[in-house]
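See below for the structure under consideration.
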Amino acid sequence: MSPARSTAGCPPAAEMVHATSSLLLLLLSLALLAPGHSARKCMLTGKWTNDLGSNMTIGAVNDRGEFSGSYLTAVADAPNNITWSPLLGIQNNTVRQPTFGFTVRWNFSESTSVFVGQCFIDRGGKEVLKTKWLQRLSVDDIDDDWKATRVGNNDFTRMHTVQNEDDLASPTSATTLEC
Ligand SMILES: *[C@@H]1O[C@H](CO)[C@@H](O)[C@H](O)[C@H]1NC(C)=O
Ligand SMILES: *[C@@H]1O[C@H](CO)[C@@H](O)[C@H](O)[C@H]1NC(C)=O
Ligand SMILES: *[C@@H]1O[C@H](CO)[C@@H](O)[C@H](O)[C@H]1NC(C)=O
Ligand SMILES: *[C@@H]1O[C@H](CO)[C@@H](O)[C@H](O)[C@H]1NC(C)=O
């Protein structure tokens with residue numbers, strides 16, 4: 001069966017090779033997770049703020065790329081009425097710098113906005129969401145339809161630098177090679 005029996009307490013050579021290649025894979029994946037490395041993928045999950053001081057919080061992105069969250073705008077026609085409003089969107093969750101879209105249904109006024117954008121990871125490893133939006137306002141008369149849509153740009157950055165996964169990971173299994 002397993003002929004290569006090594007000295008007391010030590011695994012057979014084949015297992016040593018296996019353990020060594022596992023360690024190499026672990027080190028390789030840690031290297032790939034390093035901040036700013038090209039393998040890191042942008043996910044929209046988290047807290048973001050934009051150039052106007054508006055904030056949004058996006059929940060987990062599911063395996064179809066769908067997400068939901070909340071948006072708190074810094075600007076509105078009736079600023080005293082602003083409250084958090086729900087958002088719903090979808091992103092490509094397989095590429096490094098995905099495109100995405102989401103809708104905000106303002107719940108303090110009868111108005112809806114759609115954002116489209118792309119998440120970029122700049123050379124310093126910092127994520128930025130470059131977006132354009134359309135806002136549909138409600139008008140009482142169809143004759144006012146011509147003036148009911150606004151357009152704009154926003155750049156979002158992550159609000160809190162949450163600790164990176166690679167800071168939390170530690171190569172604990174190294175001790176298994178001390179034979
Ligand atoms: C966004 O969050 C920051 C930090 O908590 C806060 O100072 C700012 O007032 C928030 N923006 C709005 C529009 O409430
Ligand atoms: C507004 O939207 C938020 C979600 O961000 C929700 O928690 C809240 O209940 C909504 N309020 C109303 C009045 O619809
Ligand atoms: C995301 O983009 C990649 C690369 O262009 C593409 O192959 C894939 O089908 C896209 N969509 C999803 C849902 O991953
Ligand atoms: C703002 O809130 C007040 C008080 O609830 C309300 O009377 C007013 O219509 C609201 N304004 C807008 C633009 O929704």
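The backbone N, Cα and C atoms fix where each Cβ goes, glycine too.
Per TrEMBL, these features apply:
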type: DISULFID; residues: Cys42-Cys119; note: disulfide bond
type: SIGNAL; residues: 1-38; note: signal peptide
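In this structure, Cys119 (disulfide bond) is part of a beta strand by DSSP. Note on Cys119 (disulfide bond): other Cβ atoms within 10 Å of its Cβ, all shown chains, come to 22.
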